[in-house]
Amino acid sequence: MEPIIRTENLSISFGGHKAVDRVNFEMPEKHFKSIIGPNGAGKTTFFNLISGELKNTEGDVFFKGQSIANLSSVERTRLGLGRSFQITNVFPNLTVLENVRLAVQSREKIRFNPFKHYLHYKKITQDALTILEQVLLENKAHHIASQLAHGEKRKLEIAMLLALDTEVLMLDEPTAGMSLEEVPAILDVIKSIKSRGDKTILLIEHKMDMILDLSDSIMVLFNGKLLADGSPSEIMNNTTVQNAYLGGLYDGELVET
Amino acid sequence: MNKPILLSRSNIFLFIIVLALIAFPFVMDSRTLTILVTQILIFGILAMSYDILLGYTGIVSFGHAMFFGIGAYCTAIMLNDFESTIFVFIGSIAVGMVIAGILSFIVGLLTLRLKSHFFAMLTMAISGLLLVVAEKWRSVTKGNDGFTFKAPEVFKDRIVFYLVVLALIVIVFIVLKRFVNSPLGRVLIAVRENEQRTKSLGFKTLYYKVIASVLAGVIASLAGSLYAVSLRFVNTAVLTMEITLDALLMTIIGGVGTLIGPLVGAVVIESAQHYLSGLARDFPIFERWIIFFGIIYILAVIFFPKGIVGTIQAKYFQWKDKKAQLNVVPLSKNKESSK
Ligand SMILES: Nc1ncnc2c1ncn2[C@@H]1O[C@H](COP(=O)(O)OP(=O)(O)OP(=O)(O)O)[C@@H](O)[C@H]1O
Ligand SMILES: [Mg+2]
């Protein structure tokens, strides 16, 4: 079957520095793949290349067999590539509900109606609230986004991605910086999406226990290069990966970061 | 609770103000005051249009005067060259709006892709270019000297003109209010807040910025048309940076992104201009009233970054929040104990 996402020698250089270096990967449909790698390995940059936030300088990226390298991030989102951001990237002076509502509005393709009052779209508000409940943020619905605690901002970031309801979900360290009590709830959300089985999910994470539990496959980036891509057990037993990155200490060191 | 209620407190308040404004010329029999309030309303329209750009979409334009000027010249030239009737007046407003709409569309499409400060510079340059054209094209505009023209017969009565302007500002306010509260308006706000994220949600932000700038341009042109008739005179002053700065000041001092704020700003700036230039006869220093605006502006940005209306709104919400929290506390305690 045609993979839903495929890259061919996908690369980008910043000046002389190659942040993503000739990565070839394939993502089967309805698959759950995690991306790991040390800080600065190029994971976020790789996401940016797929979602269109950055344009690749070399190689190509395909969505359902069609090259999307020249499409803008807007067009890629509309095709079905949704993503969340590692550094929280929301609408700071709007309420939590309004942030999510905008994402639902986009999903429903209500783009240019200039006259009807936005609150008349009851279904949109209702959907937004439902998603906020999912990420346990409904009690903050009317708070201003910039005044949320860090963990809550991360939840909002995820809620906005869920609200878009795209075929592909790309999550960039969704639980980074969350307090330990908050992580299980987000994990549950991700698990329940996975169990529904209708989404293709790419996850960047450092928490190894979480990754091993969720992933169908894991890919390892190191200095911008694809070091390995395989099932969780393959990756854990891969000596190159162990030497270069895991150093045999994965559940000690990685969970910390 | 979230329903848009027609009879909300603020709507009743606005309704009372409109009633007072309707009654005003009949109660206060003062020609100067009627003219001053007419002027305030006209600049109120201009400032609201600027708020669509600055307050709602986050676009800084230094060329807003060009659309105001287009309206003013269209109306002045048509009333002068054709007949001075109400139909020509209405037609001239329509023509001005169409030209302003087309120009703002082209300017927007060409420049709104750029980074915001480049956009600001370019709008200033284009508006400056238009000013030069108006100064050189003497056969039509009479350049800097300008020309007087006859207003339609009905407007001989200042009160009639005042009421027309009042009706128009109410219409513009309602239309803009609807617009900013529509799904489209919500996306404009999203663009102001975080354009990159708006794109990543799947909205083509350039379209939204162009729509905002066309709407703002069209409304500014209407204000210009009314301005020309209020003076029965037009010269290149309507195209100058001063008009843009007035709109900018009114919007910032009143409070960006509120629509009401720019109206309050118009009251403050226009009356200050009026009284300060009156004072200038006795104290020449007031001739430099623009200096005072500089000072007001700096003070406003330091102490009221949200503007007059924005500050009041924030205080009101804080107060409401506190009240709500006081009511909520026992409830949430119950919940916890029942867990
Ligand atoms: N816009 C940019 N301009 C210049 N260099 C960049 C840019 N974006 C990323 N880089 C560089 O590319 C490299 C990869 O960064 P990236 O953010 O993709 O790492 P990462 O794997 O996501 O790391 P982390 O785990 O810390 O999130 C880094 O060296 C970074 O400095
Ligand atoms: Mg990263």
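Placed from the backbone N, Cα and C atoms, the Cβ positions cover glycine too.
The transmembrane segment feature in TrEMBL is assigned to B:12-28 (among others).
Within its own chain, the transmembrane segment (B:34-53) has Cβ neighbours under 8 Å at 21, 24-25, 28, 59-61, 64, 67-68, 158-159, 161-162, 165-166, 168-169, 172-173, 176, 179-180, 188, 212-213, 215-220, 222-224, 226-227, 230, 243, 246-248, 250-251, 254, 256-259, 261-263, 265-267, 269-271, 274, counting only residues six or more beyond its boundaries. Marked as transmembrane segment by TrEMBL: B:34-53 (among others).
The transmembrane segment feature in TrEMBL is assigned to B:60-79 (among others). Using a Cβ-Cβ cut-off under 8 Å and counting only residues 6 or more beyond its ends in the same chain, the transmembrane segment (B:60-79) has close neighbours at 46, 49-50, 53-54, 88-89, 91-93, 95-97, 99-100, 103-104, 107, 116-117, 119-128, 130-131, 134, 140-141, 147, 149-152, 213, 216-218, 220-229, 233-234, 236, 238-244, 247-248.
The transmembrane segment annotation in TrEMBL covers B:85-110 (among others).
Here TrEMBL flags B:117-134 (among others) as transmembrane segment.
What TrEMBL lists as transmembrane segment is B:159-176 (among others).
What TrEMBL records for B:206-227 (among others) is transmembrane segment. Tertiary neighbourhood of the transmembrane segment (B:206-227): same-chain residues 39, 42-43, 45-46, 48-50, 52-53, 56-57, 59, 61, 64, 67-75, 89, 92-93, 96-97, 99-101, 103-105, 107-109, 112-113, 165, 168, 172, 176, 179, 184, 187-188, 191, 198, 238, 247, selected by CB-CB distance under 8 Å and a gap of 6+ residues from either end.
Away from its own ends, the transmembrane segment (B:247-269) comes close to residues 14, 40-41, 43-44, 46-51, 54-56, 64-65, 68, 173, 176-177, 180, 189, 192, 220, 293, 296-297, 300-301, 304, 306-311, 313 of its chain (Cβ-Cβ under 8 Å, at least six residues beyond either end). Annotated transmembrane segment per TrEMBL: B:247-269 (among others), in sequence order.
Sequence annotations record features per position, and here TrEMBL assigns transmembrane segment to B:289-309 (among others). Counting same-chain residues at least six beyond the ends of the transmembrane segment (B:289-309), those with a Cβ under 8 angstroms from any Cβ of the stretch are 249, 251-256, 258, 260-261, 264-265, 268-269, 272-273, 276-277, 280.
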Contact call for the transmembrane segment (B:12-28) and the transmembrane segment (B:117-134): at least 3 Cβ pairs under 8 Å, seq gap 6+: no
